[in-house]
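Engineer: TrEMBL feature annotations, pasted as is:
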TRANSMEM  A:6-27  transmembrane segment
TRANSMEM  A:34-54  transmembrane segment
TRANSMEM  A:60-79  transmembrane segment
TRANSMEM  A:91-110  transmembrane segment
TRANSMEM  A:141-160  transmembrane segment
TRANSMEM  A:190-211  transmembrane segment
TRANSMEM  A:223-251  transmembrane segment
TRANSMEM  A:258-277  transmembrane segment
Amino acid sequence: MQALYAQLLVGLINGSFYALLSLGLAVIFGMLNIINFAHGALYMMGAFVAYFLLNLGGINYWWALLIAPVIVGIFGMILERTMLQWLAGLDHLYGLLLTFGIALIVQGVFQNYFGSSGLPYSIPDQLKGGVNLGFMFLPIYRGWVVIFSLVVCLATWFLIEKTQLGAYLRAATENPTLVRAFGINVPRMITLTYGLGVGLAALAGVLSAPINQVRPLMGADLIIVVFAVVVIGGMGSIMGSIITGFALGVIEGLTKYFYPEASNTVVFVLMVVVLLVKPTGLTGRAA
Amino acid sequence: MSALTDDTLPVTPRAMRDEMIVFAVMAVLLAVVPFTGIYPFFVMQALCFALLACAFNLLIGYGGLLSFGHAMFLGTAGYVSAHALKVWGLPPELGIVAGTAAAALLGLVTGFISIKRQGIYFSMITLALSQLLYFLYLQAPFTHGEDGIQGIPQGHLFGIFDLSKPTVLYYVVLAGFLGGFLLIYRTINSPFGEVLKAIRENEPRAISLGYKTDQYKMLAYILSGTLAGFAGSLKVFVAQNASLTDVHWSMSGEIVLMTLVGGLGTIFGPVVGAFVIIAMQQYLAGFGQWVTVIQGVIFVACVLLFRRGLVGELAHLLRRSL
């Protein structure tokens, strides 16, 4: 049973990353109509920024949680201003191709300087150790990742669904021209939205640094799984992304325990099943 | 949704004549390669990728469907052909048939799963499906995991042509490429191709005209996958191995890049793009990961500055369809 709970926890952690990343993809897709292929690369950048902050600037994990998403978010906003904005009105596919190119550049540069091996990032002192819950041993850091991710996801949901700013955002997603006519600066909102989505990816990167090590290709395979998550859950609803992300993480964790050979593929297999049963995905909106 | 190619010229007798002339020039140039001292291995490899890119282009350039998983056809056909030749000991022609048939079957299955979703979702689904296959091949015993299938016997095609001789192999690969190219060209200019273009331009309208667009897209997808598989089977004889590289997502990305560089929706673009990218990889092989960076830069530059690609820009300049 110990092993089962341990895999469930790993599943919840992976689910946290799926949720944070698919949430960012959904927010970006809503405003920019772009599937951000660079999301995995920016997730990786988040982890690397945390690594640099610690090893070059002596800035600890807690500050990195705040600073890394801001730095990567600003990098993302520069990308949006200099490149992505020129794609408005073109076929969606060009956004995918452009961000795929950006991902290749970012990953290639990091791979060139840091190879493919992982760099260690130690768990902050306050979160070291673990507690015995009776039925399992819970490493504190892992519990922290799950709870903190959940809080960030819900905060993002609240920001978009329940605040004035979020209302503008949702309105601009539906009809940018009309929102613009009300005197709201839509292009700036688009830039900030991209920054927000990218910042969430970077945050996930910082969270994963002590668990998965810091590697140039850490986001490359992850982003494909997240795409499958997005296909399953659809990008229409924020809460849908969060729930699908966590749920698929847990299912993957269970697979690791019951049938480890399929743990790499289970999310893709589920995607196939969902598409066969319901071609429009779980949320049901036609593409 | 705005069209991928903004200036589609109608097919006129003059355009057909132009294309035939360019095709003849291309065929002659390729036919004299063995007499020029150019390393034939390089050209053979480029020809396989050129056919692959043409097959991919049939789907995106004429059907408007961006498959981000076309490496799965290349890799699957490669593995099946390699296995058939090495383990079952089949002759080359049957090895090619086996690989191509496997790709066709894969196209049927994955097409059934993915074709109902449009645009961006279709791309994500094909990418995820190819990743699924990647992991399956990583674990399946017959693919030999990280090592791949190596030392594949080339044999005698139809019992006559000795494929271990580079010149013979070259002409066989060239014949395969030209055959595949002509098949795609014929498809594009057939009534079927015209319907595909109509679907690309405006799918709801095509539906309202009574076309069952899903069936047309499905057929185009299977045809594209089959031809990509054919290219993969040919490549087995050139490289004499089948490995995981051919199923990896980065390979799918390279196929997209070749077509984009040459020109989406142009007839000769994918061929030019394949030669450019393969040549670039050859010359920059010593630069390690910078090759990936350069590929990324080319992607960005193509999308932002040269959406028509090399051949597309040329055709636009000459006001011809190429």
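Any Cβ shown, glycine's included, is placed from N, Cα and C.
Surface or core, plus neighbours and distances: that's what I need for these features.
Structural biologist: Sequence-distant contacts of the transmembrane segment (A:60-79) (same chain, at least 6 residues past either end, Cβ-Cβ under 8 Å): 38, 42, 45-47, 49-50, 53-54, 102, 123-124, 191-192, 194-203, 205-207, 210.
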Engineer: Please identify the stretch among A:6-27, A:34-54, A:141-160, A:258-277 with the greatest number of Cβ pairs below 8 Å relative to the transmembrane segment (A:223-251).
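Structural biologist: It is A:6-27, which has the most Cβ pairs under 8 Å.
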Engineer: Take the C-beta pairs under 8 A between the transmembrane segment (A:34-54) and each of A:6-27, A:190-211, A:258-277. Which stretch has the highest count?
Structural biologist: A:190-211
Engineer: Would you kindly check A:6-27, A:91-110, A:141-160, A:258-277 and say which stretch has the most C-beta pairs under 8 angstroms to the transmembrane segment (A:190-211)?
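Structural biologist: By the under-8 Å Cβ criterion, the transmembrane segment (A:190-211) pairs most with A:6-27.
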